Amino acid sequence: MIGATSFLNHSGPRPPRYRTPSPPRRAVEPISPFTTTTDFRASWIDRGDSQAASYDRDRVTSNNDVYSSTNRGSHGRTSHGRSSSTIDTLATIALATSPTFAPLSYRPPSQDPTPAMPLFPSQSIESTERPAKRPRSEKSPSPLHQPQTTVAPDANPSSTFDSMKTDAELLLNFARPSNFQPAAFYPSKRVSIDESYHPHYGEEPKSHFRAGLGSTYILPDGEKSAYHTSANTAFPASRMRSQSDGSAFISRPVIQGVRPNTSSSTLPPIVWQEEEGNAKTGPGPPSTKFPGAETRYENSVFTGIDTGADRASLDVPPRGDDDTESDENNQANCAACNLVRIPVDSEEQGDVTWISCDGCKQWFHIVCAGFKNDREIRTVDKFICRRCRPIHGQTTFVRKSSRARTAIDYAGLNQGLVKAASDSLEHHYIEPIREGKIRFLPDNFPRMRPELVTAEYFERGSGMTEPIVIPAHLNTRDSIPIVDPEFDSLVQEATSQEMFDELLEHLPEEGKDFETVIDCGQDQLDMVVPQGLTVRAVAELYGPEERVEVIDVKSQQGEDKRWNMQKWADYYESTGSKVVRNVISLEVSQSKLGKLIRRPKIVRDLDLQDAVWPEELKAIGDYPKVQFYCLMSVADCYTDFHIDFGGSSVYYHILKGKKTFFFIPPKDKHLKKYEDWCNSPAQDSTFLGDQTKECYRVDLSEGDTMLIPSGWIHAVWTPTNSLVIGGNFLTRLNYGMQIKVAKIEKDTKVPRKFRYPFFQRIQWYTALKYLEDDPIPQSVLNAFAEDENYRFHRAYPIYYEFGERENKAPAGDPYHNSRFYSQAELEGLPDLAKYLLRTALIASGYMVEGVTMDARNAVKRSIPKGQGDPIDTVRKFGIWVAWKRGNEKAPQWTRPGVVESNAKLSLTEKKPAGRPSRRSERNAEGQRMYAERQAVQRPLEQPPDLTNGLSSEESSSAPSTVEIPQSTVISTLPGTETKELKEEIAQKPRSIHRSSGLGPKRVACDACRKRRIRCRHKDEHNDTISAKQTTFGTFPAGVQSSLAHDAASALNSLAAIASEAGFQDAANGHGLERLEGSGNYSTAILSTPNAATSKVHDGSPEGLNTGKKGRSKACDDCRKSKRRCIHDEYGRIDPIKAQERSKPRATASAKRPRPPQEEDAAFTLNKRPKQESTSPVARPASLFRAEGDMSHTQRPVDLEASSYFGTAHDHNGIAQTKLTSAVGQTSYASPPAFQSDTVVMEVAGQGVSKPTASLVSPPTSQADETDVPPEQDAEKDNHVVYYTPTTSSRHSSRQPRHVDRYVPESQPAKAVKTTHTPSKRRASCSGPTTARRVTPGAQGSSKKPASRPSSSHAKKGVSPVTEKKFDRMTTTSTSPGHKGAKRERTAIADDEPDAESLRLIRELQEQEFGLRKRTTRV
């Protein structure tokens, strides 16, 4: 798309608004197809002079002397008088021209190039007339210069009269088309020629009439305008445009494929002849006015009618190659509106913007193409009109990158406000500042005499709140005369020592007010700076080869090249054009130059660092070195707006040259804008003073000294080469501002090297200095400790205690003050206390949100050692602040134990130092509000060996801590029912521990977080701690209900591991005897509907790694190497786990999660199931004998006596060991056999196993979550316990199903077979299911919880009460035959079921429970 090209020139200056087309210069505009010059001339001869009078509308002289006869003669036209434009005249002419009207019926485009007979053929159109549209180049010709095609006359004259009648009625405003909507918004009778036109955004061609005016041609049916370009014409791909024809866009109504109404009933009548005052001189048409707008000019426009409704392409009859006729006619038309423009002899180009279709090469007005203005066209890459879109596609636009770009202020560049990068070697603000283009407020800062600038002046006043200038003429180095000349002459005349001593004794009184000091060239500020110091001297004193940091002023960045003082001195002294560089950070306190400089006395008195830094550290040079800076700047150096590091105050003495400061006061709104400006990508091109609207200019010259208070934002310009000595210092007067600026530096990520060194340590030394110099009396300390609302009474603030109110209380008195405390100092003490509290919390191990481990370590190093606990120190300092301020309570956090137990302080487990996750660091900014709510987190130490479990008191002592799961262990004796059996334990939210305090609390496991997927393992995290609790004792009922869901999840996993891996000892079945003696393996099955036991202990055969988060039950090394983990939660080798034999591993394909549909073909029984249960529930169910009858002969077991402390009988071993095998794994089976959703028992004596127990009920049943009980009779009593959580893992579909194995005939009675189905398939079951199928015997019923819908399980002969009692027996009963479970498992491990059996089992289960397949996450 090419740039805009103007095709028409108007006479006179271009109006500021859109131009309207020029009005018609004749009573009636001809209505006929467009023809060539030859056809016009021929038809003119045929018609005679009678029509010529009508055609001569272009040069009218009557009633308008704008058009002269010379112009008419130039065109060879006969001069005619203009009609009076009455209705009668219009009707007469309309009827007279009716024989040549074209019929209203449209016909398809004619391919015959013969020209049509024109209504008013042109008498002559000279070739010398300028084209209306000037071609931009030969390769991009104008639409006007295309070969034109003539249209054959209509051969059907039958409709001539109808056409005449219709057009006459339309012309005379007697009729209107029914499908034309009136333009109701025209308020005036005066309207421009184009007012009937409105852009048609669909780009359908339309015909428009001009309310009986203008040069309008009407094409016959189906014919195109003569200037519709064909697709075969040599149009370039680019489009030529000029400025937009705004008048057309303003007023033309949208017409959807219909002929427009030209009736004057819808358009206001046009006044033909304007007043004489409106006529414009020159070769232009009479003007018309648009309502409310000034007079506009535009050329007359030809408009053709094009049906276009049933046309599919833009093909037009081929045109000749003769360019002469095109040049003579100089006409162009829009393919959408057929608007044809006839040129006038004008020197100015028109205001019409055109755009070319890249498909058909047709030209359109931008308003016809659907664009409002030129700005919209700039975004177009390839324009495709409506008819070409089915072929060429939609219009494409220039791609706009979403990458953030620095905005360039082109307006500012044009005005010279911002210099381009290559224009000058200086900073782009220098010239606007120098020329006064940037306006500043005049400063009203005080100019003070040096003797008034003292620490006492500021401390006893309101502090140092604004910059202070000590002019050079007031700060002289002359000594102050203390005696009069007469006394001095007497001293000179003294001839003996006695006479001299007598004169000293009678020294005048006025001299006693002065202090005699050594004259070392100090000024009245007691500042010593070597006179005559130069940059070369600085280089020699500092060291010619010493490194110096040089700033490139234009980029405000440090120079990459290495500079030394010798090179810098050479640069500074060089002349001519050079890159502007600056040195502003040369600290010289440790050099020879530093020993020649002394700061002003007020700076030394106010310097907080000098007052609190230990003297022993000063003696060895270990202190922050910010006292002396030497600033060397060449002319036109500029330092953009900044705040001195740490909010420090500044003293500034000009040795040579000049400096200009631009100050912005440190108001909160300005500090916020400053922070935003620092973080803005447009910082370099944005002048902060313009943003704040409050910027003061201060000019300093040689010898001037200035003190800049804390927090003042300032920029510095160097008009001439300058040499400055300055320094930074913290004060007691600005605690709040200094801490605020330090926070801004952190928020804006200022590099540490550009911050105040040891800032936090200075604050701590300050607090320690307060407590040491002015300790709190014990009585005051006790009063604050006894009453949290205690206020130390003071009659007036202590900053009033000077002069006649000076405090003279002795040391130890509650009202004693070791020194004077200023008002500004007392007001900043609470901010200092809060700042120290935060650092103390961080250093003491509290998990403060938004703090990385590196920051934590830095804070620890910043706190002075040997001062006791930082928390205790800051508590004491908080009380000290309340005591000194008086009449206020001590902060709440000073109360004993509040830091640990306050609800606003969230405590968490302390993690070892490690690199924080990148995601946490990225979220630090976004979690600032979260950090305020969760202020700190206290680590809760977990010893490796828990002997007594976690008491409920320990858990409740930290209300904001991460909830530690409590197991609910219920000793279920036969015939007893407990309330816990019916409890619904609500799951509590919990976070997974991290190595960093940044970001929100994690609730995702490691695996999901690394894969960046939604974690559904949230309930598995707390299984670790509750495992220990289950092992070592029974907890109170309140503790039992904390996280029972996690317990069920652990039990599920336990059974799954036991079922899939098994214990691979020898067939004698004594493999587990060595584990029973330890008492580690206890049965802890919950009888509550929504709760089950959590993990048991670390000594489970599976080797749990309870220190890991989420579902990762093994340590990282073992999990990655795919081997059995033998490590405990602390990474140490667990001897019990190490003694366990390796479990059989499945094939590699089984290790991979597979979709449910892929599990039809292959199942692997040994794959470790992964727990991801959101609300697991464990419930014991019924036991069945192989024959189907119930067995109630199990022995009740006391969990506290036998299970927990290792006194269990031998028949406890297998079941309890399997329970602890894999805490947190999703499974529903327990030793001694495989168990899951489908439980199949072998019938004794049969060689082929057949299902003896039912398929496990869907997860809506909570009563099915049972375990395999011990066997009463090793030969006969083979029982199966169903274990099904109510809500199971979402991802367990990736786990293989464990099905029943075939048992050899040698062990028919001990072969208890189960199949394991992952919980994910069962989790989706909510509808009713069929009854359990038990072959051949009876089955146990499922007790459904109150919170779940009925599972519709059949209960054959078993009442809920009996089942409940039996469930409790099965979970705790043992038998001697239990020891042989490992032999059974070893025997059956060799017999793998075939794939067909597995598939049938799974299909039966899905049919029964209505399970749906879930796709696995990849």
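Including glycine, each Cβ sits where the backbone N, Cα and C put it.
Look at Swiss-Prot and you will find Thr639, Lys659 tagged as substrate binding site. Listed in sequence order, Ile551, Val553, Gln556, Asn582, Ile584, Ala715, Val716 are the same-chain residues at least 6 apart in sequence whose CB falls under 8 Å from the CB of Thr639 (substrate binding site).
Per Swiss-Prot, the feature Fe cation binding site maps to His642, Asp644, His714. Within 10 Å of the Cβ of His714 (Fe cation binding site) there are 20 other Cβ atoms, across all protein chains.
Annotation comment: Swiss-Prot describes 44-60 (among others) as compositional bias 'Basic and acidic residues'.
Taken from Swiss-Prot, the feature compositional bias 'Polar residues' covers 61-71 (among others).
Residues or ranges marked as compositional bias 'Basic and acidic residues' in Swiss-Prot: 127-139 (among others).
Positions annotated as compositional bias 'Polar residues' by Swiss-Prot: 143-162 (among others).
For 308-321 (among others), the entry in Swiss-Prot reads compositional bias 'Basic and acidic residues'.
As annotated by Swiss-Prot, compositional bias 'Basic and acidic residues' applies to 907-925 (among others).
What Swiss-Prot records for 1130-1143 (among others) is compositional bias 'Basic and acidic residues'.
According to Swiss-Prot, the feature compositional bias 'Basic and acidic residues' maps to 1186-1195 (among others).
Residues or ranges marked as compositional bias 'Polar residues' by Swiss-Prot: 1250-1263 (among others).
The feature compositional bias 'Low complexity' is assigned by Swiss-Prot to 1341-1352.
Among the features that Swiss-Prot reports, domain 'JmjC' is placed at 588-746, with the record citing sequence analysis.
According to Swiss-Prot, the region 'Disordered' annotation covers 1-86 (among others).
The region 'Disordered' annotation in Swiss-Prot covers 102-162 (among others).
Residues or ranges marked as region 'Disordered' by Swiss-Prot: 308-329 (among others).
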For the binding-site residues His642, Lys659, the one whose C-beta sees the most other C-beta atoms within 10 angstroms: Lys659
Other same-chain residues whose Cβ falls within 8 Å of the Cβ centroid of His642, Asp644, His714, the recorded Fe cation site, in sequence order: Thr639, Phe641, Ile643, Val650, Ile708, Trp712, Ile713, Ala715
Integer Å distance between the CA atoms belonging to Lys659 (substrate binding site) and Asp644 (Fe cation binding site): 17
Neighbouring C-beta atoms (10 Å sphere around the C-beta of Asp644 (Fe cation binding site)): 20
For the zinc finger (331-391), mean pLDDT (0 to 100): 76
Spatial separation of Lys659 (substrate binding site) from His714 (Fe cation binding site) - C-alpha basis, Å: 12
Cα-Cα distance linking His642 (Fe cation binding site) and Lys659 (substrate binding site), given in Å to the nearest integer: 16
Reduced DSSP assignment, Asp644 (Fe cation binding site): coil
